């Protein structure tokens, strides 16, 4: 499938006639062409989220309408566009999504008529569940885990034990929903799913960074906890170890470098009396120049940067990190072994 379909062109023309620039941009970002949404359309929509005169509910509802399409390509690209705006758009976009009781009605979505339709429908259902969980997490903690301030004075490291006990299970749920995408290397067969996987890969690194710092804080406070808190903290830590294994499997599809392994090990090794400064430095490098997924998935494609808190709610990272149309995601030849060093 190449180029815009007649349906796409008619829809775009209709939006042009009605003067709805946002609807037209959404339509162009979610065409029937089996490739990633074009950067220029994503950039325009991201810019719209920063304009005070733009109706965010209208923008979101237009995307939701596209997920009602029967084509897996259109629906998948609508989810990707939504995910992109959650990552790079103004914070009021995810705030609006978090305020809704429901987002997507895709639990039973199946496209039986198109090439790859059945297989891609499985990933659409999983992807929509993750985006729903992402919005729910924001609703519960009033913050985006992928954009939290990090380091020894960061949000998760300075959180009280009571709040930490409530927050870590929420991070676990969001990470679980992401890892449930479960795409194997053989299933990354087109630019659309490759684009979705790239965004998920980026989220996984940032979510785990917050998760890991929360666990460090938890273990540092462990011997000062009450008995019931110790029991709960121990269960949280055991679940953390399980998710380490799942994350390792996920990263096998997108060849993470050994520097990621080193950063994770140093974070945990810091609990064994090593300098926190060293662990924090390595952690920051995870999303810096050292994090360069091998082969075709380069830093410029996923826009990996250290998350920061911005009062204005501006996006973290670069808008240029949208998936390329080729959707290139090379596969792993020698995946990392995420081994935990415990004290």
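FYI, residue positions are counted from 1 along the chain as it appears here.
Positions of Cβ are set from backbone N, Cα and C atoms, glycine also.
Note: TrEMBL annotation is automatic and uncurated.
What you see is a predicted model, and the numbers here were worked out from it, not measured in a lab.
Features of the protein shown, as given by TrEMBL:
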- 14-145: domain 'ENTH' (DOMAIN)
- 305-343: region 'Disordered' (REGION)
- 305-332: compositional bias 'Polar residues' (COMPBIAS)
**OP:** With DSSP as the yardstick, break the domain 'ENTH' (14-145) down into helix, strand and coil residue counts.
**Re:** 88 helix, 0 strand, 44 coil
Original post:
What mean pLDDT does the predicted model reach across the domain 'ENTH' (14-145)?
Top reply: 92
